[in-house]
Amino acid sequence: MSITKYKDTIENGDLIMVYISRLHIKPIVVQQGEVLNTRFGSFPHDSMIGLKYGAQLLTPKGKGFVYLLHPTPELWTVSLPHRTQIVYTPDSSYILQRMNVIGGSRVIEAGTGSGSFTHAFARNVGQSGRIFTYEFHEARYKQAVQEFGDHGLNDMVVVTHRDVCSQGFVITQEKIDADSVFLDLPSPWDAIPHLDEVISQKRQVDICCFSPCVEQVMKTVESLHENGWTQVEMTEVSSLVWESRKEMIREVDDALKRLKDVKKRQKEGIEKLKELAKAKAKAKAEMKSDTYIKQPKLKDRDRGYNPFGKGRRIAEGEEGFDWFNVSKTEREIKSHTSYLTFAVKVPQLQL
Ligand code: SAM
C-alpha cells in the first residue's frame, strides 16, 4: 500500500494508524494471527481485516475501542519512530505552500533525518514529481530507504547516502533539475554553493533553510547572497491554537461563602468522627469489634452550588450566573521551533 494513495478497506499487510487516544497513535502493519495490546484491551489483527479505514474497533469483550485510520503524512509525523528532531506539520504545511510544492515538483531535501518531511513532500509532488533526499548518517539512511519502500514511496523518492556539504548533490542516475530546496542541516551555508549544479536553470527555484539559531540564520543569509539568491526573508511559524470559552464571574461574597462552607463541612466532619468513635466504642463494648458502621454519604449534587469547591456542577454558560468570555492559547502543541529562511533564484534568461 502507499501512504500517499487512499484505499477503502483494510487488508492483511496494510499499514494502519491505530488511534488509541489524542496523544497516542500507533502505526502497525496488519498481520494475520497477531494481536495489538493496548491499555484499553487487546485487538486481534484478524478482526481488523475487511473493515473500512476509519472504523471503530471494539475489544472482543466490547469494553475498550480504538479507531483504525488510514496513514497520512500528518499521522505519520506524530507517530513515527524518531531518530532525530523532526519537522512537524505546522512548519511543513507552511513551507510547502510558501515554496509552491505541487504535483510534478522536483525537490531537494537534506538531511533526510527521520523522514517526517519527506512524507509530506511525497504527497504534494505525487507520482509525477521527484524528491532527492540526502542523509550522511548510515543507519538513518538505511532506515529511511526501508521505510520509504514500505510506504510505497519508491517511485517518488531517491535517497542518497552522502555528506552534501563536502560532496554536493549531483547523482549519476538522473538529472535533478530541482525547483525547490529544503535544507535542515547544521551548516546549510556549506551546502548552498553546491546547488547551482542541480537546480533548474529554466524555472524560478525556491529554497528554505530550517535552523534553530539566529547565528545559523545570519551565516545562511550571507551564503545565499553570495551565491546569487534573492528575496531573502526569515520567518518563524508560531503555531497557536486559541481556546474560547466562558469563565464564571466570582465575587468576594462567593469567596466568603466558600470559606463558610469549608468551616461548616469541617464542623460536620468533626461531629461525624465523634459519632463514629462513639458507635465503635459501643460496638466494642458489646464485643462486636468488627461491626462496620456505614455512614450516609452526601452526594456532590446534594451539596448545592459552591463556586469553588465540591458541589453541584454548573454547565458552561448556565443561566442564573454571570459569565465572561475568555480566549487563550492551548498549552501544548507539537512543533519544533526553528527559523525559516526563504529565498529564490530566478534564471538569467539568454536574450
Ligand atoms: N527534516 C528531517 C525530518 O523532518 O525528519 C529531520 C532532519 S534532522 C534535524 C537533520 C539530519 O541531517 C540528520 O539526520 C543528520 O544526520 C543529517 N545531516 C547533517 N549534516 C548533513 C550533511 N552534511 N549531509 C547529509 N546529511 C546531513
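Please read every residue number as a count from 1 along the shown chain.
Any Cβ shown, glycine's included, is placed from N, Cα and C.
If you look up TrEMBL, you'll see E135, D163, D184 marked as S-adenosyl-L-methionine binding site. As annotated by TrEMBL, coiled coil applies to 245-290.
The structure, with features from TrEMBL marked on it.
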residue : record                               : Cβ within 10 Å
E135    : S-adenosyl-L-methionine binding site : 28
D163    : S-adenosyl-L-methionine binding site : 16
D184    : S-adenosyl-L-methionine binding site : 23
Exercise. Relative to the mean position of the Cβ atoms of E135, D163, D184, the recorded S-adenosyl-L-methionine site, which additional same-chain residues have Cβ within 8 Å?
Worked result: A110, G111, T112, G113, Y134, F136, H137, R162, V164, L185
Problem set entry | Three-class DSSP secondary structure - E135 (S-adenosyl-L-methionine binding site) | strand
Seminar exercise, completed: The mean pLDDT across the coiled coil (245-290) is 82
